[in-house]
Every structure is written in structure tokens, then in C-alpha cells.
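As C-alpha cells, the structure follows; a few thoughts come after it.
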There are 2 protein chains.
Amino acid sequence: TEVPRQRPNEIPHNEKLLSLKYESLDYDNSENQLFLEEERRINHAAFRTVEIKRWVICAMIGILTGLVACFIDIVVENLAGLKYRLVKDNIDKFTAKGGLSFSLLLWATLNASVVMVGSLIVAFIEPVAAGSGIPQIKCYLNGVKIPHVVRLKTLVIKVCGVILSVVGGLAVGKEGPMIHSGSVIAAGISQGRSTSLKRDFKIFEYFRRDTEKRDFVSAGAAAGVSAAFGAPVGGVLFSLEEGASFWNQFLTWRIFFASMISTFTLNSVLSVYHGNAWDLSSPGLINFGRFDSEVGTGIPHAGFSSLTFAGGILGALFNALNYWLTMFRIRYIHRPCLQVVEAMLVAAVTATVGFVMIYCSRDCQPLQGSSVAYPLQLFCADGEYNSMATAFFNTPEKSVVNLFHDPPGSYNPMTLGMFTVMYFFLACWTYGLTVSAGVFIPSLLIGAAWGRLFGISLSYLTKSSIWADPGKYALMGAAAQLGGIVRMTLSLTVIMMEATGNVTYGFPIMLVLMTAKIVGDYFVEGLYDMHIQLQSVPFLHWEAPVTSHSLTAREVMSTPVTCLRRIERVGTVVDILSDTSSNHNGFPVVESNPDTTQAGWVAGCSGDPHTRCLLQVAGLRGLILRSQLIVLLKHKVFVERTNLSLVQRRLKLKDFRDAYPRFPPIQSIHVSQDERECMIDLSEFMNPSPYTVPQEASLPRVFKLFRALGLRHLVVVDNRNEVVGMVTRKDLARYRLGKEGLEELSLAQT
Amino acid sequence: TEVPRQRPNEIPHNEKLLSLKYESLDYDNSENQLFLEEERRINHAAFRTVEIKRWVICAMIGILTGLVACFIDIVVENLAGLKYRLVKDNIDKFTAKGGLSFSLLLWATLNASVVMVGSLIVAFIEPVAAGSGIPQIKCYLNGVKIPHVVRLKTLVIKVCGVILSVVGGLAVGKEGPMIHSGSVIAAGISQGRSTSLKRDFKIFEYFRRDTEKRDFVSAGAAAGVSAAFGAPVGGVLFSLEEGASFWNQFLTWRIFFASMISTFTLNSVLSVYHGNAWDLSSPGLINFGRFDSEVGTGIPHAGFSSLTFAGGILGALFNALNYWLTMFRIRYIHRPCLQVVEAMLVAAVTATVGFVMIYCSRDCQPLQGSSVAYPLQLFCADGEYNSMATAFFNTPEKSVVNLFHDPPGSYNPMTLGMFTVMYFFLACWTYGLTVSAGVFIPSLLIGAAWGRLFGISLSYLTKSSIWADPGKYALMGAAAQLGGIVRMTLSLTVIMMEATGNVTYGFPIMLVLMTAKIVGDYFVEGLYDMHIQLQSVPFLHWEAPVTSHSLTAREVMSTPVTCLRRIERVGTVVDILSDTSSNHNGFPVVESNPDTTQAGWVAGCSGDPHTRCLLQVAGLRGLILRSQLIVLLKHKVFVERTNLSLVQRRLKLKDFRDAYPRFPPIQSIHVSQDERECMIDLSEFMNPSPYTVPQEASLPRVFKLFRALGLRHLVVVDNRNEVVGMVTRKDLARYRLGKEGLEELSLAQT
């Protein structure tokens, strides 16, 4: 179970590739007799117990996610405080007597070494913990399994990695990774066991299947958003936007519950930590602070509109630059050591750029009345501080809030302009490094800087005090830049609204995000989607490409399909599963004729001389999964060929659940020569009513069925209910809408 | 097309009935060759045009909904002002010299006559405009067509009715009906024509099908919520909670857009109307006013918890009382005249109760510093006003806000207690009258009254100023009462949060609503669900009943099924459609054999001697709808029996769209004896790939497929793809979870 990593010989030379290495998840409850028997045993009271368990799990998800967020926040705050105080003392010491180059060296070395540790653990222990984790969680909720993505080890590395990246002074945030952390917590709790810890707590066994796990992971992601931004509703909408195929009221309500608990936990713990227990003033890791909606709220609306294009264009530029950078990285920086070196380099450069900018800046502001955390005096007069330092010599979260709320006149336009340009390139370079880090805060920071700049220019140009508050422009700029980069829509609007704490700003924020998305989409797609595509993930979008009505299931499906008979020879099953050339995960079960000794039925292959074809009626009877067959073989649920009526060993649903989700490979199961001649009766274990489509069904129709029900396999049948093909995720994900209409991606077996 | 009204002989003697009179909507794009041909012609650019049209329609929905809300608000404000001033002057006049009974008479007569007009137009012109319309919209979004529910005439009656009810002093609100109004506006605009006006604007013809219309109606409902409460996100969530089966990102984003535009329009117009154009301080019809989250927000959280049970219990009591009342009404007050008389009676009694309460109250408060709109001095000293009058002698919206924000000490506990009790019964009596009116505001008012009472008691008992602000208890009480009555979950939390304008209150509101729902559900279901069930609507909930795994498609389906052949005799089609005993709307098309002259195929009827059975293979080839057959017959798309190869008259998709949604009845189509002998070729018009399930599929599986895809017909086939039955909405809605487990409702053909 090697983590999928891009190797030089696997480089997608262009992005028009689809990897088959990712397994799909099955969000359809593939029901078989065992499952139905269990469900029938569940009466109303037992159902209520299950329901209560779900709520308890959601509460635990919320609490734990909140606590993890607190942990990150408190540790970052202390470590970063330590670092900044150290450097500040040093700078203060050397400002007078010269030798600031030593301070620069200290700062750069501190940053680089902290980031080195952060990068080392990610690169060598758990590479999937790199980045924000949002693309990975999007994929998971979409139905693609990225290996190791929801494991405890990943969580530990992620949390440590984020702390180290932020403390290391990179242009990153700790908010995005919370979504990943919340998801891992949810997956862990809901399954009641941990692979990393090798512990099975024997609880919540009912939830050990893909559907239930996905629902909890949605709740975890929502709780993560909620803890990060103090945005419980935004969290729910994020989960829905990314994950929901079919959702229901109770599920949404539970997700909301987890979100609320999460922000409330964070709020309580941080309030107690900061000594104002009853205030509840820290609903999220980042709080935008209070924006007033006093008289005149309506006026700036008009001004904001001019901002919205900039967000889209700058966002698109960011994504395009990052795309080339990522291609470069995939090609040349694929060895872990190199990745660590690059991360250190970026850390050192970030410190140097910051230092040089602060050094060169002559923008001094009076210290009195300002809330700056680590005021650097440098060459300013006594009682003044260097204003560039508020932006660079600070955690990015604090810089954002400063840009939003510092009174008009706190920043020199030149300072803001320089900062925007430098930070833009630094953030762009940083995203994609092998460190755990989010892109939300850097985006907000870039946007806040140029938004404020715009506000200042506007009030300078119009000479009217009515355009006075540059903080509001900073907020809108931040929204525009973030929207232009990530292209989230509804959820981002609500997240921004909730983080602002003021409903009045909803309308302009929505307009800004909408325009940023439209403008940005014109040039290049969103950052997360781009990275998902670069990883060649078979991601299914909301709808089939608009021009795909001319395609039918017949053209889309994979064929021929390996079928099994209802009562099948054990040897045949083993051979089919061991066949590495066709690594199928689902097999249609067709009308069985125990006298035929033919090895495996292959349907839909008429005309193909290379496959073994039986031109008998292969009417569909059911569908069985590879994982189920493996469990059957492992437990040797065989009957003697001569005595088919003999009752085979009873298996319970528990046996399947215990094996979930890491079913052993077929190679690990030994079947003797005698056993190969036994028969295996699949009737009880197969899903007797798999979803099917006729060959004439159009691609959008197939797509909708697949997406709405969260299917993994969809059997294509002809008029007589005979199997002619199979549609899986990769068959659908291959079709994309390109610039010149519908295009079909190639498949890469890597 | 008579409006479905409960007649004495159709009374559901118990609620365990399911009516077949409601038609289902088809939210599955049943695609046929014509549709596919059109879709294939739509290239990328044309698709973009369609997409832009969708956005334009959503913007128009938002603007118009906002304007309608403004209209209602302004008219109500002026008329109610006029009324209250008139009565106040009269009371002031007679207080000194005696003769207040004349004032009472004036007030009661005024109210009764205004309500009479409101009730007359509803009872005689458009009975579907009665009530809040939320249950009807819930049904529509769920997939059940309530006749006339989205027609322009309904909107006009609704708007006038709401104005008259509120002005008539009934215990009602104007907020709920906004949801219905928004939906009608959406349906009208998106179809580009109006049946009531008999105008077809020939625009937006692409959207003339159930799926598209449903999507726009969702947006309209959201815009309505948004305008009513200034809650755009809450509106989106309401639509999702009630309507979404399968939804996607773009749709949600559009719904949000409509919501935002709606609240923004309302806000702008009302701000201009009130003379503070740039304030934007009226985002909704009701604004809870500003709640501060100063130091100490956390403390009342603890106190709120004790409130939550009360909400559930009082809500359940309200619903139970209303249930008996509704049963009484269905049985005895079914004639329009009686309904009008009852409405007048309630109006007069409401005025009398209010008057007596005010008269008996000795609770005087200083006038100075209070914001009461129509201060009644009555027997108070000069410079004081009667505090009971703030609650009764005012529009309910204003009373709610007063209860939230009046400083501590404004109300005497006795006043609040009396008011709660009286208003509770009045509101309960009022809901279900034949007037247009909502239950949101009365619920909030009841809750605010007892919540405030609770807050006062608490501060009295604990003697601690920390529990001081009774306004916050009023808010929580309002949430609890409303939640206990309507049992909405996520959407209501967000609506309350947005109306409060303060994210901090989200957590306690969520807890309060959650407990209210759990406690309330223990006793009796929510008010809207109760009314939906009383109307015997085949409503599908989110999931199949939990204990229904033992049922399979075989047991659930309707059988036998009338099938058609691909090339069918016209006479046969006419006979089948005219058969009133089986009023089917979808017919499977089976393998055709033009030589057989048998009239209609009946599948799945082996063993039943009364039906005409053909024991030949009836392999499924497609599905055709009654509406499609009607259009074919109307346009006489026939071929001579002797010359089947002759090209029949070409029909375009436009012909079907023009007939949508009011297809003519079969009786209106004349088919001559000669024409009866012609053949009709269904290949091009049928859906060639209808969704099917095998007989073994369990009810939850069938349910999920049906619900997730928004199906109207689901064909049940056997192993050879032969039709054995059909599952429709009523087959699924029949199974409900009762007190003693799964129960099957009877079907009423009425």
C-alpha cells in the first residue's frame, strides 16, 4: 500500500490524463441477504440506538476538532511569540550598533530550521499530509479514495506540520488544514478503531461501510471549517457543496450539530485560555473582528464593484503561476530530500524578503493607540514603529485583522503595494511545497493588502470622506482574492459572512465572489480543481458535460465484463481475482449452470476472438464485489462439488465489517488444489438488485444515476437483461468539457 | 379542474389515508429521441445562453419577490396605522366620558369586516390561497402537484388576503405567505406565460418542464424566506431542506443569488420609503433588531436550556389542539359561507379579547423613552400608557420586536402571563381559517411572551442582575415556540440567526430548536406535516421507514400494468387513455408485434382471470407518458395500418412544451372510426431507457432511487427484463412508520 507519489516516469506530460490508481468508494449500500437480514432485525428501538450513536459521534467529532484547533492555535501563538521576541530583541540590539545582517541570518536560520523539521516529517513519514488537504477531502467526499488520507498518522503529521510551517514564517495559514484534520477525526471516531494505533475498540461497528463513513467525514470537514473560521453554517455548506450527492435533513442537521459543537468548544477553551471565560469572543481560529454596519453601509457597495474584477484576474494569475510551478515540481522535485531543501529555501527567502522590505521601508507610524503585537522600531523615531513590520513581522492571521481594522492612515500606499507584490509571489511559491499548510490566509492577506490600497487610492482620488474606511475595502479585496483563487461559491460567501459576524456584508461579498469566479473561470480553473486534475484523479463534477447527450451507455461502458455464476468454482474465482491485467472490483453474477466448467463468463464480447465467450444467455442476477469474494475465500465458504445441497459455513455481516476497509490482497489467501475444485455459492452474498441501465441511456442520464446514488458499479444490460458492459467512475470521469467541446481523457494505468 | 376540497363524504375518518387525487410531478428528465436531438443541437455557446437566462430569471424572481414584500409591508403599515389611529381616537374620546363598549364595537366591526373581505376572496375565488402556503410549497417541491398552487390568480388573492388578515387584527403574520408568493412569482416568470392572464410571452420555452420549473420554484421559495426574514442563507437552506432531492452547486448558487437580490431589493425600497436610503436597515419584513453580544454573552446560555422543553411541549399542545380543530373544520365547516362566518367570528373575538385584556389590565408604564407605536392611555395617569396595549393593540411584528427589546421592567409578569395564554388559543384557533395568513409571527409572539416571562421570573428568583436581560429570553422563547410548532431544523436556526443579525446566538438557538423538535416529536408531529397528512397528500419523506427492509419491490408495486406496443393501434391507445377505472399516467412500451390486434398488453397479471393477459414475452423497450400520448393523438401522428413505412407527421419538442403543463383531457380529443384503425409509432416519443428495478429490490432501495432522481414512474422487471409491475409515488407513500411499527395506509380514490 505505497502512497501514490508522482515519479518521474509517471509524469502526466499534459493534464489530459486519468489515473486508475485511485480506488473508488461505494456510497450505495450494496445490499445482500446478510445485510437485509440484519436490517430486518433492527426494530424501531434498535434504530433509535443507532441514531443516538450517530449524534454522539457527531458531538465527539465537534469536541475533538475544536480541541485540536485550540491546540494548534495555542502552540503556534506561543512558539511564534517566542520566535518574534527573540528576533525582535536581536534586531533592537543591533539596530543601533550595526550588524543587522546577523539578525537577518538569525531570522532566516530560525525559519529554515523550523520549516525543515515540518517538511521532513511530511516528506518522509506521510506525504499525503502535505498542503491544505482540501483537494484530498474533496476527492474523498466525491467518492475517490486517496490512500492514507483519513488515518491517524496523517492527522498527527498534519497538526505538527501546520504548527511548524506557521511558526517557520511561511506564507501559509493554519485554517485549511483544519478541514483535513476534522475529517480524519471523524473517520477515526466513527469507525471505532485505528489502523495506526492497531486498536479496535469494538464500538460503532454498524458504521463500518463507505456510506456511513462518508457521512461522518462530511461532518468532520464541516466541523473543521467551523473551527477554522467560526462559521458553522459555512461549514455545513462546504460539506454539502463538496460532498453531497444525495443528502437528507437528518444528516445535514447532524453535520450542523458537529459544526456548532466544534466552534463552541474552540470558543470556550480559547476564551478560558485568554482569561475572559464568559466572553465567547473567539469562535474561530481567525476572527475578522467586528465590522460595524452603521449609517452609510450602503455607500461603499458602489465602490466595491470595481474591486471584483481584480480578484478574478489576480486569482487566475496566481493559479496559472502555481500550475507551472507544480508541473515543474512534478518533473524535477520529486525526491523527498529535494522537497525538504526547497521548503527550507522558501522559508529562508521569505524571511529575507520580509527583512529587506522592513529594512528598506521608511514608513513609520506612532506606536500609541496601535495594537501591533511585535512593534519593530528599527530606524523610526522613539514611540514609532515600522509599519511594514506589522505585515511581515507577524503571523499572517494577525496581519489580516490589522489590515481590516487599523484606522485610516495606518499604512503608506507604497508599503501596501510592495507588500502585495512580494507576498503574492511568496504565497504562490509556497503553495504546493511539501509542508502542511493552507492557502486561505495568504489569499486573504494579499487581497486585504490590495483592497486597502484601493480604498486609500479611492479616498485620495475622490477627496471625499464618504469612501473613508479602507478596512472595508480590505475585507472586500480579501474576499475577491480568495474567491479568485479557490472559486468556492455559496460556502465561501457564508464563511466570509460568518467570520465578519455581520449579515449586512453578505450582499457585497456575494457579488464580489461571484464576479471573481466568473472572471477567474474565464482564464483558468480553481486552485483545488487544478491540483485534483494534476493528480489525474477521476473526479466527478456535478453534472455531465453539457454537450455529452450524443454519447450513450454503449459508448461509455467498459466491455467485455468478467462475470461469475451464482454457484461458481473456487478455482475460477481465485483465477479471476488474481488476474492482474484486469483489476476489476465488481463482478456481475449471471444465470448459473453448475454443470458448465468454463472458467468465468465473459459477457459483451461477441466478435472479440481473444476473450473466452459463452454465447449463452447471461441474464443478470446480481453483483458481487472483490472485497466480498476475498472475505468468502478467506473464510473458505466452500461446498463440495458433489454435494451442493450441503450447507456452507455461515458467514455473518460482522465478518465483512471486520475486514473493512482494508481487505487483504488475493495473494495472501491460500487455496489448496482440492479446495479449487469446490464450489462457492454467491447467492447470499451478492447484491441481488444492482442498478442497471439499458445501452441506449445517454451519458447525462447514466451520470446522474451514478452521481445521485453514489455508485461504484453500474451494469449495462440489453433488452433481455443480459450483461453487455459495466460503467465505473473512470468511464464517466474521462469525458470533460474542454475548450473545443467534449474531450476524452486517456487512461494512465499508473 | 376543480380545486380539491374536502367534502363531507370525502372526510378522512382517520388520518391513515392516502389520496390519489393529487398528480405527481416528474423531476426526472424523461428523455426521448426528440429531447436528445434538441440537446445535441445545443452546443457550448447555446448552453451558455440558457445558463445566462437562468440567472436572469433568478434575478427577476428576487426583484419581484422583494417588491411584492415591500408592497405588502407598506400597505399593511398604512392600513393598520389608519385602523389603530381610528380606534385609538375613539377610545381616547370615550375613556373619559364612558361608553367604551362603543369603542369595542367599532374595533370588532372594523376587524370583522376587513377579515370578511379577506376571507370571501379566498373562500370563493381561490381556496388554495388559504393559510401560509408552506405545506403546499413543501408538497410541490416534494413532487406533488396541488392544483392552482403556482398560478397568478393565487398570488393576487394571497397578497390581498394577507394584507386584509393582518389589517383585520387576526393573530397572523405576513411572513409565511411570502414563501408561497415567491414560489408563484418564480413559476410564472420561468415559464414566460400565465394561464390566469391567458398570455404566452414566448420566452423561456426551454424551461417548460417539471425539473426546470421545480428548480425555479425552489429559488422563489428561498427568495420569499429571504424577503420575509432578511435571511438569504436561511432561504437557501429552507429550499434545500424541503425541496432538494438531488441538487447541484450551480443551482444552489442561483437560489442564493435570487435570495440575496430579494432581500436587497426589499431593503433598498423600504429604506428609501422610510427616508434613510443609505442605511439598508430593513433586510426583511420582520427584523428582530440589534442584539448585542457584549461581555457576558455566555452566561445566559446556561439559563436558556431550561426553556427548551417548554417550547417542545407548548408546540405539541398547539399542534394537537389545531389537529382537533382541523378535523372539526373538515367535518362541519366545509361550506365557503360558513368558513367566512368563522373567520369573521375569530376576528371579532380577537378584538374583544384584546379589548377586555387591555381594559382589565392595570399595568401602566411611563410613556417617555418607550417606542410604542399607538400608546393607549386608557385609565393610566398622564404620560403613561397601558402596557397590555403594546402587545394587543399593534401589529404582531411590532409586538415581537417590543418584547425582544423593551428594557427590563417594561412588562408586568401578570400582563405577559395573561397575554401568553390568550394569544396561544387565539393563534391556534386562527391557523386553518380560510384566510391567507402565516403562523410564524404568532408563534414567535407567544414564545417571546413566555420567554420574557421566564426571564423576569428567573431574575426575580435569583435576585442576580446577571440574568438581567429578559429580551434575550424572549428571543429564545420565540425560537423554542416556533421550533415546537413547525419543527424545522437547520433552516430555522439559520433564519433565526440571520434575523437576529448576530452569529453568537447561533449555538443557543440551535440547542433550543433541537430540544423543541425532539420533545415535540415525542408527542405529535409538526404543524405543516400534520396538515399535509390531513390532506392525504402522498408525501415522500427523506428516507424509507426504517423497518421497511423486509418489503421488496414485488410487494410494493402496482400490478398488473397496462403496456403499449412500440407500434400501437390508435383505437387501443384511445381506449386505454379513456379508461376511467385505471387513470394511469405512464405506460411501459414493450416489444411490439404489429400483427397482434389484441387491445393493450397487460403485464404481470398471470393468474388473474379478469384481465386480458398475453403470456408472450413483454420485454421492456421504453416508457411513454399520458401527456405525450395526448399530444400525439391531438396532432394525429398516425400512419396507415397498410403502410407502416410511411413517414408520420413530424412533431417537435415545441409541441409538447406548448401543451405543458395543462395537457387537454382525452375526452376533448376526437378520433374518428377510420383513424382508430391507424397505427401510432411510439419509438421516437417514448423514453427508451426508463429506470427499472428487479423484483427483489428492497423498499429502501426503491425509495432511494425514486427520491434521489425525482421519479414519477419506476418499472419493475423480472430477470428477463419483462414488465411485472410499476412503482409510483403512492405505492411508496403508503408505508409509514406508526407507533406500532410499519403501517400501510389505505388509498382513497377521492
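Glycine is treated like the rest: Cβ placed from N, Cα and C.
Nobody curates TrEMBL annotations by hand; they come from automatic prediction.
Of all ranges given (A:251-273, A:343-365), TrEMBL attaches the label transmembrane segment to A:251-273. Residue counts of the domain 'CBS' (A:686-744) by helix, strand and coil are 16 helix, 25 strand, 18 coil (DSSP-based). Within the model, the domain 'CBS' (A:686-744) shows a mean pLDDT value of 85, rounded to a whole number. Under the criterion of 3 or more C-beta pairs below 8 Å, with sequence separation of 6 or more, the transmembrane segment (A:155-173) and the transmembrane segment (A:439-461) qualify as touching.
Only sequence-distant pairs (6 or more apart) were considered; of these, fewer than three Cβ pairs between the transmembrane segment (A:439-461) and the transmembrane segment (A:251-273) are under 8 A, so the stretches are not in contact.
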